[in-house]
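Everything below concerns the one structure shown next.
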C-alpha cells in the first residue's frame, strides 16, 4: 500500500475515490430532492374551518421577516463556508466530504418529513381568514358551516401549511448540525472547561431559534408549529451528524504502568470526536498496511494536535504482579502504543 500522510488527503488526490465510494448516498440525496418537490406540488389536506374557529385565524397577513430564499443560505451555505475554511486548514477531504454529505442529509430528510406532515395535517395559518377572504367578508357553507374561500388558490394552498414550521425545521437541521460539527472541531468536551467554546457552539442554535421566533411574530405560524419544527430539525441533525462522526465527547484513554518499583501512570486522552468515522478507518488501514516508520510519523502528527497527556506519580509497589494495563478503543490507539514502546 502506498504511503499516506496526514494532511495530504485533498480533493485532487482522494476526492474522486471518496465520492465514488459514497455514490449511492448521493443518489439517495437526489431521490430526496425529487420527493420533496412532489410534496410541494400536491394539494395539502383542507381541514374543516368553521365560522367559530376564525377567531384565532384573523391575524394580519404580513410578509416574511426572513424570506424563504434566505433559509438555504443560513442553513446550508453558512455551514458549507465553515467546512470549506476547515478544509483549507487541514486538507482533509474525508472530513470535508462527510461534513457536506451529513449536512445535506440532515436538511433534505428534514424537508421531506416537514412537507409530508404539512400536507397531511393541513393546519390553517394564523392569518388564514385574510388568505381565504381578502375582502374581509366571510362566506360559509349553510349546511356544513365550512369556509368557502374566495381568495387566490395559491395563497389559500399555502394557508393550509402551518404545521410544522418549515423555516424553523430547516434552520435547526442545518445550524444544529453546524453546532455538532463545531463542538467536535474545537473540542468542547476536552475536560478543560472552556466556557467560551460553548458560547460559540450555541451561537448557531440561537440563530435558528430567532428564525423560529420570527415566524410567530409574522403570524405565519402558531407557537406549536415552531416548537415542532425545531424538534424535528434538531433530532434529524443529531442523527445525521452521528451517522458520520463520533460524538464530540468521545474520549479514549490509555493507561500504562512502568515495571519499576517507582511507577508512573500516564493517561493519554485521545479526542476522537473531531474527525469522521471514515478518517479513523483510513488510519487503521494505513497502520495495517504501512511500514512502521510511516505509522510512527502519522501517530506523531496526531499526538501533537489531538492528544493530551497527564502523568501522575504512584507510590512504590512491592507486589510481584505488576504489569502494563492498556486497552485500544480506536484505530489509532494501537499504533500510539507502538510509538511509545519503540
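The backbone N, Cα and C atoms fix where each Cβ goes, and this holds for glycine too.
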Stretch carrying transmembrane segment according to TrEMBL (options 131-149, 226-244): 226-244
Other parts of the chain folded back onto the transmembrane segment (195-214), taken as Cβ under 8 Å at six or more residues beyond its ends: 64-66, 71, 74-75, 78, 165, 167-168, 171-172, 174-176, 178-179, 182-183, 186-188, 226, 229-230, 233
Mean per-residue pLDDT computed across the domain 'Phosphatidic acid phosphatase type 2/haloperoxidase' (98-241): 93
